[in-house]
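Going by TrEMBL, these are the annotated features:
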type: BINDING; residues: C79, C84, H161, H166; note: Zn(2+) binding site
type: TRANSMEM; residues: 186-204; note: transmembrane segment
Amino acid sequence: MSFLFGNRSSKTFKPKKSIPEGSHQYELLKHAEATLGSGNLRMAVMLPEGEDLNEWVAVNTVDFFNQINMLYGTITDFCTEESCPVMSAGPKYEYHWADGTNIKKPIKCSAPKYIDYLMTWVQDQLDDETLFPSKIGVPFPKNFMSVAKTILKRLFRVYAHIYHQHFDSVIQLQEEAHLNTSFKHFIFFVQVLIYYVLLTIGSAPKSHWWYFPYHFVMIFHKR
């Protein structure tokens, strides 16, 4: 949530995506912020009783886009064509960009170029009312969860790149607490989302969702 970053002026990489005030999604956002304010990240990601899972996922996807937007915006001076000629998260993971529309075949590009492609693509998805409807009564499309999963998977890569390539700069800027809290929030949300999705198809394990092994999240490394 944006309040994690305090009231200070924060540089953003792309314009922030706002949720219209007065909408049900805005009320869900306020609910999540209030829960986060208590310091309980695990409770903050739980689907509120009686709420629609698609709405909850939409609200949180927008919020994580804004969080990562702000976090990456703080280190853009360090993430350059020269310092990061490829988009990677350590020596084992290199990411190539494709969106299936404008760029159909994955291309190798620098980290800043990749992240520009990624954030522009995410912004386009969030602005598409047929994918992320903001009006009450407008249904979510059947492929919504698939689109949301792809967005979250790709946003994860920005966290991974920042941690692997720019954590020293994050420490220098005294932003590590914000990064760590945001990433922890993201991981908890992904874990609980996996649990809810499995629950709907009758495949959820008997153990609590927060005991899910970390490799469930690491699938997001894959294109």
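One is the number of the first residue shown, and numbering goes on along the chain from there.
The backbone N, Cα and C atoms fix where each Cβ goes, and this holds for glycine too.
Computed from a predicted structure; not experimentally measured.
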Cβ neighbours within the same chain of C79 (Zn(2+) binding site) - under 8 Å, at least six residues apart: Y72, A111, P112, I115, H161, Q165, H166
Packing count at H161 (Zn(2+) binding site) (other Cβ atoms within 10 Å of its Cβ): 23
Intrachain C-beta neighbours of C84 (Zn(2+) binding site), sequence separation six or more, cut-off 8 angstroms: S110, A111, P112, H161, Q165
Secondary structure of H166 (Zn(2+) binding site) (DSSP, helix/strand/coil): helix
